[in-house]
């Protein structure tokens, strides 16, 4: 293995001799370098920093001179195969220096020598041509400087001079590994890769995680196949999308709240009573609940972007009509059209967030979007009061007209299609022009989303348009329980907002502007509660998922021991038993009971404060306290619905919205009659008791929710498989019939 290896290439014996002499000279001079510096420069003691710099620069010089020496000796294109017989000698040097535990880095001459030899060994045994390597290193500058920029912090930055060699080694490793897979049959073993990795780690332990080396475990390594990401949208692009969704949803929530301060003005303007004024609020909530239920199916089948654009156009036209209306009947009709136009946006926003986010991050994004959307409810009354007191009640609808116009332009330009059966994870360009956003034409966006190299495997099966799909979702009674709880809580919140305007105007005799200011406590507290609830959901999900995975690993080991280490049997058992599934109900709804009880108590106190004509401060404090906990269930339920129906998020969220708005419409329609009979204290005591009693149903969801969801999902997947099988059988039979018809008699 020593001298016999030279006989295979006798023509190049002199090259090997020169190489041996060169390596020995490099090593000897390297060990003599500190003493030489002390002698020639009359330095009594070399500091640690100077010693390190000198050793490092010397290794760089020796390593870079080697290809030039080989090319000079051979006189023509010298391939690595001519010097591959250096392996035994270099391995001997490696074994010698590896035994010296104190020489693991470039802090000493031995460490520098070992580092040099490891890098040399990587070059020699990789099968990559010396001449090609020299050409790329010295003539093709761009990759080298890219590596320098990428690893600019390795080894303590450039000022301590180690970044240069580390960059060279990393660059060399990338090039040689690539070429070795294509051209060479001589590969490095795992032992040497471990040596090289250990050397670079020990060179600077702080960069061990930043520097990864390719491992070559066989002669023909198979390329690693990595699954495409769930979403190609970057974090910044997701933030832009969430902001755009929230901006659109803002005009859905503000359309109801901005109207509250002018209820008394509308009553006087059109000479109607309080009950008829409340009808304009009721019809808005009715259509706000019905429209998303129907439009959600279109969004799940045709795409999110077209439905959003159409919804904003309808809303824009309705706002223009309301600003110019002259009769009470026109207000009723246009309020219905206004609600039908913009209300589906809330459900579609949930669908968009379900398309681009994973479960682990979904709670935070839903919290941010819902928090910004609820700004409409929070500050809509204040904005409406300010506009109407300055320019009259029609100004609120002109404000909505201008805002919806801006929103339409923004959505038209930057809102991409996110439905996964149309654009996959965002990398597939939609076929329809209506589903394409102009922002996708930008080169930076195309590169970010990989539009030129789409992940077609992320495309989901097309969803057929089914207007009855929401009612199929309601077959699962655990979903009905969730929607009932969330709907009752939301109806109590909206009833409190409606009652606040009337009570402050008639009992506290406040002006429209001051009434608007009184909505600030509830608005600010609602905003805080939704954002914090989203953050909590993310934290709780990660904590419970970590605990669940630890428990699941232990259970899997137990089952493997019981079934003779047969993974197929274990997988079958765990896949058909709901006890091994993650309890998403507990992860999303765990704190909901406490928030529901606290908000019910707050609204009850709020009602009695108005009845007793308590100081205005007490009324506003109770309003803020109740709102602080009231809308947490909105984030909890919306996130859970998106988790349970990832492919039908708009439809499912539309069902949730239907429950909320219909219940709100019922209570607001009956508010004036209830106040006459029960006063405000009795009304909110009744609503609080109803909501508190319904919250007991949460324990059914927490204990039995995952089993019930597991059961109907199994049934749904089974029916889908049967449908797919029938479809394939029908297509096969039709093919046979066609073939029989074409066959000559």
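Any Cβ shown, glycine's included, is placed from N, Cα and C.
Here TrEMBL flags 241-706 as domain 'Major facilitator superfamily (MFS) profile'.
What TrEMBL lists as region 'Disordered' is 715-745.
Look at TrEMBL and you will find 12-33 (among others) tagged as transmembrane segment.
Annotation comment: TrEMBL describes 240-261 (among others) as transmembrane segment.
What TrEMBL records for 281-299 (among others) is transmembrane segment.
Per TrEMBL, transmembrane segment is recorded for 329-353 (among others). Remote same-chain residues near the transmembrane segment (329-353) are listed as 241-242, 245-246, 248-249, 251-253, 255, 266, 270, 279-280, 283-292, 295-296, 299-300, 304, 307-308, 311-319, 321-322, 362, 365-366, 369, 373, 404, 418-419, 638, 641-642, 649-651, 653-654, 657, 661 (criterion: CB distance under 8 Å, separation of at least six residues from the stretch ends).
Long-range contacts of the transmembrane segment (365-389) within the same chain, counting only residues at least 6 positions beyond its ends with a Cβ under 8 Å from a Cβ of the stretch, are 238, 242-243, 245-247, 249-262, 265, 346, 349-350, 353, 357, 395-396, 399, 497, 501, 511-517, 519-520, 522-524, 526-527, 530-535, 537, 631, 634-635, 638-639, 642. Per TrEMBL, transmembrane segment is recorded for 365-389 (among others).
What TrEMBL records for 395-415 (among others) is transmembrane segment.
What TrEMBL lists as transmembrane segment is 479-499 (among others). If one looks beyond the transmembrane segment (479-499) by at least 6 residues along the same chain, the residues whose Cβ comes under 8 Å of a Cβ in the stretch are 256-257, 260, 263, 278, 281, 285, 377, 381, 473, 519, 522, 589, 592, 596, 599-600, 603, 606-607, 610, 623, 626-627, 630-631, 633-634, 636-637, 640-641, 644, 652, 655-656, 658-660, 662-664, 666-668, 671, 675, 680, 683-684, 687-688, 690-691, 694-695, 697-698, 700-701.
TrEMBL lists 519-537 (among others) with the feature transmembrane segment. Here the transmembrane segment (519-537) has Cβ contacts under 8 Å with residues 257, 260-261, 362-368, 370-371, 374-375, 377-382, 496-497, 500, 587-588, 591, 595, 620-621, 623-632, 634-636, 639 of the same chain, all six or more residues outside its ends.
Within the same chain, residues 482, 485, 489, 492-493, 496, 499, 529, 536, 540, 619, 622-623, 625-630, 632-633, 636, 640, 679-685, 687-689, 691-692, 695, 698-699, 701-702, 705 sit at least 6 positions outside the transmembrane segment (589-608) and bring their C-beta atoms closer than 8 Å to a C-beta of that stretch. Feature annotation from TrEMBL assigns transmembrane segment to 589-608 (among others).
Annotation source TrEMBL lists transmembrane segment at 614-642 (among others).
Sequence annotations record features per position, and here TrEMBL assigns transmembrane segment to 654-671 (among others).
What TrEMBL lists as transmembrane segment is 683-702 (among others).
Highlighted: of the candidate stretches 281-299, 395-415, 614-642, 654-671, 683-702, 395-415 has the greatest count of Cβ pairs under 8 Å to the transmembrane segment (240-261). Per-residue confidence over the domain 'Major facilitator superfamily (MFS) profile' (241-706) averages out at a pLDDT of 83. Sequence-distant contacts of the transmembrane segment (281-299), counting only residues of its own chain at least 6 positions beyond either end whose CB sits under 8 Å from a CB of the stretch, comprise 252, 255-256, 259, 263, 307-308, 311, 332, 335-341, 343-344, 346-348, 351, 419, 465-467, 469-470, 494, 498, 648, 650-655, 657-662, 664-665, 668-669.
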